[in-house]
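Notes follow once the structure below has been shown.
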Amino acid sequence: MKEKIIKAVVLGDVTIGKTSLLVTKKIGFPLEYIPTIFDNHYFEIKINDQIMRIGCWDTGGGEEYPRPLSYPQTNLFLILFSISSRNSFNNCETYWLPEVTKFLPSVPIILVGTKTDLRNCDDYKDKSTFVTYEEGLEMKDKINASAYLECSSLLNKGVDDLFDTMAIIGNNDLKSIIPNQLLRDHYNQSQRSEIYEAQRNNYENNNNNNNNNNKCIIC
């Protein structure tokens with residue numbers, strides 16, 4: 001069986017479950033908060049006797065992360081939001097879609113609602129602001145996404161379905177996508193090294209000053 005490789009970039013606001021989703025798929029749900037500094041996760045998915053290797057680029061959701069560095073040769077974008085965060089949902093259309101279409105307008109998008117377990121969580125008394133499945137479908141049409149899926153990393157529900165969908169959609173777009181001039185000019189190689197090193201040093205300093213051992217994330 002011939003192996004195909006799909007590059008997927010995972011986008012979304014901070015603390016909405018991007019890293020937890022990928023870690024859950026790989027080893028199970030993480031009990032501690034994992035801050036993101038560019039990380040890659042690889043998965044093998046078998047669809048119709050064909051093995052596809054999906055490389056997921058986990059990006060930070062803050063302004064300080066030079067995300068476009070990870071965009072060249074991308075076959076698929078995942079735009080995530082938390083169903084408990086109306087702001088992260090709205091940002092899919094107002095922030096993340098413009099960024100994606102600015103650099104790689106022809107790459108397919110999968111819209112993903114995370115933390116669906118919170119719909120049945122007693123800790124949330126007022127769920128009137130939660131994003132419904134129907135609203136997710138409407139947003140899919142607004143941003144012209146190829147699919148809308150929901151998942152819970154905590155319950156490991158919908159995660160496998162998401163990756164199967166990624167393999168199917170990504171497989172249909174394995175042609176090499178040449179980044180436009182905006183992307184080529186965004187950062188040169190020296191800037192990449194300086195920015196990445198500054199980010200890592202900043203994270204290590206913050207990690208030494210802040211004890212996050214008791215901080216958990218529900219996904």
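Here the Cβ of each residue, glycine as well, is placed from N, Cα and C on the backbone.
Here Swiss-Prot flags 12-19, 58-62, 114-117 as GTP binding site. What Swiss-Prot records for CYS216 is S-geranylgeranyl cysteine. What Swiss-Prot records for CYS216 is cysteine methyl ester. The motif 'Effector region' annotation in Swiss-Prot covers 33-41.
Shown on the structure are the features that Swiss-Prot records.
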residue: GLY12; record: GTP binding site; Cβ within 10 Å: 26
residue: THR15; record: GTP binding site; Cβ within 10 Å: 17
residue: LYS18; record: GTP binding site; Cβ within 10 Å: 26
residue: THR59; record: GTP binding site; Cβ within 10 Å: 23
residue: THR116; record: GTP binding site; Cβ within 10 Å: 22
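THR116 (GTP binding site) falls within a helical segment according to DSSP. The average pLDDT computed over the motif 'Effector region' (33-41) stands at 59. Mapped onto three states, the DSSP output places GLY12 (GTP binding site) in strand.
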